[in-house]
Amino acid sequence: MGDVSDRLEVKVVAARGLGEVEGGDCNPFALVRCGAEEERTAVASATSAPEWNASTMIFTDVADAADDVVVAVMHKALSAARDQALGRAVISLRTCFQAVGVEQDDWFPLEDADGRACGEVRLELAYFVDADDDFPEDDSDDEAASGGEPNMVRGTICRARGLRHPDRAGPVDAYCTVRVGRHKASTATVRRSNGPLFDHAFELPCGDGAACVRVKVKARAAFGSTLIGEAVLPMVEVAAHGEPGCSRWCRLEGKDGEVGKERGAVELQIAWVRDRKYARSLARLGASLGDLAGGLWGPGLGARTEGAEDRDEGPKEDWLLEEDAFAPQHLTSREQEELDERRSAGAMMAGRVVDELEGRRAAAMKPGDYAVQVHVIECRDLKAEDLNGLSDPYARVRVHGRQRKTRVVKKVTSCVFDDVLHFSLPNLTTAAAEAAAVDIAILDHDAIGRHATIGSASFDLRKVHALADHEFYRKWVGLVDTTNSADNGYQGFLKCSVTVLGPGDEQRAHDLDAEYQRELEREEEEGRGIALSGPTLPPARLTFLVVYCWEAEDLPATKRNLLASNLLKCYVVAEAGGASCRTQTRRCRADPKFGEELWFPVTEPVEFRRVAVGLADYVWGGRDRTVAYLYLDVDDVPRSDRAVKTSLFGTTYQGPRPRWHNLYGAPRGVQGRRGAPQNRYGAGASTYRGRVLLSLEVLTRPPRREATVPHRKAFAFRPTPGLKPATAPYHLRALALMGSELPVVRAPGRPRPLKLGLTVAIGNHVLEYAAAANARGVVEWNELLTLKGVHLPVLLEELPDVVACVVAGRRHVGFCRIPAAALLKEQMRGAPTWHRLTAEAARGGLGDENPGALLLQLGLGLSEDANDPHFRWDDLGLLEKFADKRPCCVRVYVYQARNLPPATAEGLLDPYVKVRFCGRKEKTRAHAHTTNPLFYETLDLHALVPRDARYGPDVVLQVWNRRAVGRRNAAICSLRLPLGDLPELAHDTARAPDPRWHGCVDASGRALATELLCCAARIRKRDAKEKFSKPPSIAPLNRMAWVEVTVVGVRRLRSAYGSSPRRPWLRFDVPAPDDKGDGGGTFRTPASAQPSGRDANFLVRRVLQVELPEDPELAPRLDIRCFDSSRVGAAPLLGSCAVDLRPKLPWNPVDYVAPQSELFDDAQARALAEQREREERAKAAKADEDDASDEDAEPGNVGVSFGAGDGDNDDLSSSDGESVVHRELEVRGDAGRDDGGTGAFGQDMLDSLPPVLEDARYREELALREEAILHEQGEERRGLLETLGARLAAAADVGEAPGEPQYALKDLDIDFPSQWAAADFVDGREWWLHQESGELEKYLHTRPFETYTLYRGRRHPNPAKSTLREVGHVKAVIRVLDEDPQFSEPLFPLSVLRVGTYAVRVYVIRAANVEPQDGPTADPYVRIKLGDDVQTGAVRRSTLKPDFYECFEFSTRLPGPAQVKVQLRDHSRWRPAHAVLGESRLDLEDRWFHRKWQALDERSEANPGNPLKPIEVRRLTRDGSLVARGQLYAWVEIRKDAAARRDPPVALEGPERREFEVRVVVWASKDVPFEMGDYYVQAQVGNSRPQKTDVHWRCRNGKASWNWRLKIGVELPLASPDLGRLSVQLWDQDVVKWNDIVGEATVDLYRWLLKAYHENRAVNVFREVNEAVARKKAEEQGLATAEDLAESDGSSDDDDDDDDDDGGDGDDGDEGGGGDGEETKEAPPGDEATNPLLAAEKKKEEKAKEKEGGAGPPVADADSNQEAAFFVKQLKEFVGLGDIDDTAQWVAMTYNDVRRRRVSRRGAVALSVEILPPEEAEDRPAGQGRSEPNANPFLPPTTGRMSLSYNPLAIVSALLGPRLAFQLLCCLCCVLLLVVMGILGMYFTSFYTLWQSLS
């Protein structure tokens, strides 16, 4: 009988359609049972479609034991619960038995216990049986005699002893693994034992005698395991003991044989034997596969597998039992197709990740200077932190480590700050700018103790900068308190603005007055009216951002000193929304386990989007050291609406799967200031510093009792290994070929340069290359290293970057980071690539030295893919390709360079080009004193290069500056040309390829404006000694041309060499293309000092006849040099520049720009004027012919439009500076006046014409139609009006009945001004603010002259060391002609440039958004300089929004000094040099000689509507920065002297500051929801001193009476519209304790203050509102007003006292409508037909009489009743019992109940508000309170006050209140009753005793 008769091989591949379990997706695994044998797969985590791809399961003796296979799919419970069955499938083996050796791959349905379908499972089945003819059953002796070799290792792992955990003491949870080759067995885990008993038998196939048995003992942990020790037993030693084997104790050692530490020992019984069953199974399997392969792929493969059938007799089964664990497997066509699909999908996913990285890099913020402005405007409904129900709030703002605070406002819950806080953030990197945040916290100020936090809000700089205009402007945000768990939801509201300005960003100019009024209109539309309430924000929703901190790995050791241990004391800290939370400190070596959750309460909506997570090392007694930080986006965090449940027995984890996040920072060992920036912002760091396992989610349904402060919690679940991210083995191949242009590093005291090594790392896995010699910057490594089987995460986002670093000893020279996704996208097929290195900033950098580049070929992929023949690299072949070199010549064609950075103090250099290639170098000749040299040289470099050009080095072109003898030449810039991109020429005399411009970089890799026109090519050589002939010249083919230069002059020349320029002159050079100088040209202007040396005029035109290239790309640059001839000897160079001639060449079809001039030309202006006059005459004649019947129309006015446009009129009539009189119109005419539609008459003339009867009747018909339409739409309109003014209804009770319509202020006929300043000078100048709101140069678009900037100084990579600066400007007009200009007209006549004297007026209105230099505010003043004339303005104290309203007038000569420099300086008493807050410069010549500028203000009959010189917003900047530091509102005028003397400057006066008086009369209160209280009212306007009324003691039922006048002084105009608020508070006075706030309200008075200021009269706010409401109601109801009656009957003596009914209690008489009827005149019989107003009024009177039934009292009785009612009303008002005054309204008091999360109404207060100018305040005196003079208005005595009485019950009731008094009385009665009962009881006892004795 044989050992094995048959076997069944089963492979569980995958499953699909599995159901969910409680808690979410299942964790499935498969259990396969065949007969008595059972196997299982691994567990897949959280999926309903698992893919196991398990190893093949082998079941033996199947035919006798089973007829089917049972596959059960189970759910692995993560807790202590039992596993749950998901489904089961029973597969019959009949098909397998009939098809021996044939694989069956199919999906089988799963069924649950009830027989219902619940998914499918995929299996691969194959059945094999022994054949007697092929394998005779011999006994063991015969087989042994036949020489069979052992193929199976059998043994038992018995036990272990003395186990010790490497990191801690105590018992361990140990288990043991044994591995032979790629086969492995493992024991079960023995809990908490140092001497565990395993007793585990194993069988592992092994046919190689050179293999080893590796035994490892590990300690199980929550995540993974920790190695205790391992032992290695060679198979030779096992084979020496023969088939019985051996038993021995194996001593455990450390990893890789590390000794020196006792780890314990393990007992092992092992033998190496031959298993015939296994051998025959392999043979049968090989035969079956061979037959199958032969049938599919032909006999070739079958022949090979036939040879494999006899391998059981050979030495070993190498073809199957490959010792390499990643050997490729032979796949079926279907498997190969699936594999290809997986690879293509992986490449596509990697491509998406790369594209996402590129997108983020493109959208990243620019590095540079940033300015942050935070405008804290106001707060509403703040939480009360003090015992009196109020707070003392102030704002604290933190930005990037800087902090500023606002002022403190005392005892409020709603307040206005109006403070602007500025933060200057210089030299921010991209990572730092995107990680910065603005944290605004509102705190309660306390004199003693810690200031309590009311609430806070946070903004991200990145999000704000991405908004429109880079600002978050005047919006409300909710304040959330994250420091107190008792405060949930919004703790108040904050209105603020946040502006983030980066390099080159412009700040938008806002019209604050207009925007504030629009805000008020929006509030009215939302139903708030005059009394303001809290903002309308979406309801607050409490969510929690939960950060699950699992563990960290590979953290670097931060050893502090020699005595400190290498153990880390690390913790995780998270920051979100201005709050932070951290885990507990864990002490470990490099892999801490945290197991904690960080909970952040987030009240949505929020404005922040960044979450920072960092690791830090705790330092006792010092500052903790940062390990690294990473930044996550909240938008990428998944949201979950699941309910979080807790249990005493533990829960399962239901959050998102944890992910590894890689950390980068400074090199290990670098700390302090150098390493801190890289550790904090690791985006550009060089070193991998570990990784942290995190998962984040936003819980939208948090637990009810969860603390609403950032807090930490330990995991409520038990982490399982299945939750850890999946890993896969990867191969990293790195072929390091060479480095080019590497810096030469020398050690101190060693003359020879150090050898340079190279490391290529992914994560903590490093490939180290041996150091090689540095030969002139070229280092060749020529080594291929591979990291095999590195276990890395499967997800692309979790893979660390590949970092290549060049090292010299321990010093990092340079590095480059390559994303892993970029390598995976190439799928191990990437070509060798040059990678530019970045200098290691943490090590101090390399200064000006270039870090060089590396030629690397990198490949990263899965190990199974890396060993595939399609992806496998030929190690020797790759090196052979690089070593296989041939002689070659690299020919470099250098044409010219432009915009070279200057390297000398004069702003020039002596450049030459040096070409480096393979250690060889060639250079061109040097050109003296130029930044735009013409080389036209060809350089040949001969070297041995690889045949495959991809492996060759780059061709490096460097521009050097030749210095004087004895000084080392300096490298300026460089560029690289890849050798593989160079074309190959057929022979050495072939034509050069086309050149192109290449950008250059400096030593640090930053791109420059420098470009080099060059090209290169390869020429193959037959041998190294072959010589080439001289290359042909590359000088361009030229043509004759003429360069016309019209020089105006130089402007703003700066001092040089210690003195100011005196007599400057210019030299213009067109360089020649050859060395002989033929074809070039030069000329110089005469020296000039007119009008000054700094602004010298030349006013010359010169023409140079030169030769220019036919190819426009080869056109040279025109050099301009400025010299000063005032000194003896050589004239010093003041500055230089160059002009690009390419766009000026007429034969350039692509870039040519035709010469154009915006000069104001006399001849052209006259021609345009004549043409326009002819066109107007023709139009007038045509109009006369078409309209001959209209005899009254004036011919000169026919066809003339009175509407004026404000567009660009370039073709308008104009003249030069001498012939045109420029007149500034002080009062602009109304160009848009209505002419009645006739085009000939004005409206005034039409009104003066006699009325026409037909027109009157037509208007009456229209009025009737409109009335009918209004009557039909009345209900709908009233419904709309009811929706408006809801706040007015809630906060202002005007005595109207419920259901009556309420109105917003914009619906009433009340006119409000728009601004404080007088509109006489603003009118007509605001058109540019409405269009563009920027500098006027945007409107002009072009300049009349070409302006070229002169530079002097040298450029340095460090901006702080650079001396390059602007030293002046050259104004000229340059054009290139292809024909002699003597035969053509000049571009413009020089007579236009006649010098004249002009008056320049600069009108400075105000400044905004001024950034202070130091401190919270500044004392700004204006300083303007024009030429040598300097004028300063008055100082404005302590403001960042100064109003200047100043005019500065200068006299200048144009052309001449033209630059106006407007500076804003900060005045200081203690500093002689006042700091410059910002400056702006404008050019007068660019304006005066511009056509568009001249067209402004030019009024004529043909162009009556030309706009005036507009107000523009000038951008204020500081030297050396592109960030805006403020804005200046101004406009400029330029006038001839005669015109300036005739027309005085525009009266520019700001609004006069006047002291107005606001009289607030507090009448009474009602509906206060308290039975009794001691009430008083406190009020203030803006920041004025609060004033209060007297106390109404013991007020009952909330109806207090004060009749108290408050006189509040207000200085107008206000500094901010937000200060025009009337704040009213209702208080409850307490004697024993603090006072309590009852409610408060805010009434906006800003528009009323504007109205009172402009009209200079008293404004009674509520009276005007009531009158306007009455007029509105009368208009809607169709009632006739006094004006209507006067217009209808021609009379004007109607009663002026007709007012609308005030809706009182009915005591008042009828005062509205048409009066009492007696004073109304009787209308003529025909008037009703002609006057619809009277007819409608009569109909209403008739209807009213019909309702009364005609039984009303006589007229005399009605009059007497009215008089009596009026007398009663007056009497009630005199004694204080009447209704509120008609000038008052009820203002609702509200209270923000933070705990109940609602704003509740607490009654109302009747107020009257009147605003009086100082004159009227004196004419209408009134006393404070009710003091004398008690007038304007008269305040009657109060009512309802407590009075003394002889009745004690009345006194008690008044003091305690009716209810409390009644309760007290009841208690007294009860006590008295008890006393009486007690006394009577004693008498009753005595009497009863006596009665008993008597009886």
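Just so you know, glycine gets a Cβ as well, placed from its N, Cα and C.
Looking at the stretches 501-527, 1068-1094, the one that TrEMBL records under the feature region 'Disordered' is 1068-1094. Counting Cβ pairs closer than 8 Å and at least 6 residues apart in sequence, the domain 'C2' (131-250) and the domain 'C2' (526-647) reach three or more and so form a contact.
Relative to the domain 'C2' (1377-1498), the listed stretch 1540-1658 leads the set 1-108, 865-998, 1540-1658 in CB pairs under 8 A. Panel annotation: around the region 'Disordered' (1068-1094), residues 930, 932, 934, 936, 1035-1036, 1038, 1043, 1045, 1047, 1049, 1051-1053, 1060-1062, 1100, 1102, 1104-1109, 1114, 1116-1121, 1124-1126, 1141, 1368, 1395, 1427-1428, 1453, 1456-1457 of the same chain, lying at least six beyond its termini, place a Cβ under 8 Å from a Cβ of the stretch.
Spatially, the domain 'C2' (526-647) is adjacent to the domain 'C2' (1540-1658); three or more Cβ-Cβ distances between them are under 8 Å for residues at least 6 apart in sequence. Counting Cβ pairs closer than 8 Å and at least 6 residues apart in sequence, the domain 'C2' (1540-1658) and the domain 'C2' (1-108) reach fewer than three and form no contact. Break the domain 'C2' (131-250) down by DSSP state and the numbers are 12 helix, 60 strand, 48 coil.
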